[in-house]
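Peer 1: Below are the structure tokens for one structure; questions will follow.
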Amino acid sequence: MIRAFRAEMAGIFRDRQVLMIVVLALAIYGLIYPAPYRPELLRVVPVVAVDLDGGESAREVLRRIDASESVTLAARLTDMAAADRAVQSRDAYGIVLIPQGFERDLLSGRPSPIAVYGDASYFLVYQKVLSGMAIPVRQMGATIAAGRLMAGQQLDAETATALASPAQLVEVPLFNPSGGYATYVLPAAFVLILHQTMAMGLALVAVRRRPSPAPVARQLAGRGLAWLVIYAALLPLFLVALPRAYGLPWLGDLRLVAALGLPFVLATGLMAQLIAALLKRTEVIQPVLLAMGLPLFFLSGFSWPIEAIPPALQAIAAAIPATPMIDAYTQLASMGATGPELATAIRHLWILAALFGLGAALAARSARPSQG
């Protein structure tokens, strides 16, 4: 066991390629990957206005839109063709169209529709454009409705406002106070990065390892101990220190990080041993594990709800250690989950570790050179 431990440590730290994947790649990802998401929220997305009415009410609508923190009015154009060109050239990501006769219809008490167009090819930008323009328009609509009630029924301002907007929506973003993209995506991305770099690095060590006559169980135990020693430093750095450094919410407990990290490291490392035994060649392992990254991103359940994934793909995702780890770590870090609430995920990871360990042991025994 001690010999296997030393051999595994040497295989990781003396192989430059493996060392770069296991240690350096984590450092690079940790510094570079979160950087674009530091602002958390998209703000002042440029939009253009086409005002075919030119009345005072139209100018008030545009003033309210421009005052929104989500969008900024980049230009006021005279026709839809010019506005469409601005969106096509990415000078703007949305259009608000105020039709001719807007002021007249308002004064006559008739509906006065305003058209809002958003560039849906950028989903996050599209959401910001719609909310940044639709909310001010609705607010002005409520103000106009209240004014009509005050004028027509001689109501006071408070009563008229209550009648115009009888139900007030109060939004409370649980577990993501800022509603930011970084808070949503980075915890899961950190786990996925750890999983992929660990799997690739340890699989490369395994495929380059010389056969040993030592008992397979002792070899796997020694290697597992080496992984735990290395990742006892890397996991807290990547899953605790780094999120705090980037200002992400952290409601977790270090003991629960350890309770999740222990089976996660073993399951991922043993999976890497099995992959190495099956693929056998460095030039095959690298592209296969690289190609797994994007499917794992979509199967893990944070880019698309796991409930909406077909059952067959859910079964595949459940066999990957990153899937239960992402779910459990997100609950722990962002939602303050307790031990009993994480018990299912911890048990899932231990089952994967046992299954991959059994598979790796059988593969190692079958690959052992015959004696005699």
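Just so you know, the numbers here start at 1 and follow the chain as drawn.
Just so you know, glycine gets a Cβ as well, placed from its N, Cα and C.
What TrEMBL shows for this protein is this:
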DOMAIN    18-361  domain 'ABC-2 type transporter transmembrane'
TRANSMEM  18-36  transmembrane segment
TRANSMEM  181-205  transmembrane segment
TRANSMEM  225-242  transmembrane segment
TRANSMEM  254-276  transmembrane segment
TRANSMEM  288-306  transmembrane segment
TRANSMEM  345-364  transmembrane segment
Peer 1: Which listed range (18-36, 181-205, 225-242, 254-276, 345-364) shows the maximal number of Cβ pairs under 8 Å with respect to the transmembrane segment (288-306)?
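Peer 2: Per the Cβ count, the answer is 181-205.
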Peer 1: Go through 18-36, 181-205, 345-364 and flag the stretch with the largest number of C-beta pairs under 8 Å relative to the transmembrane segment (225-242).
Peer 2: 181-205
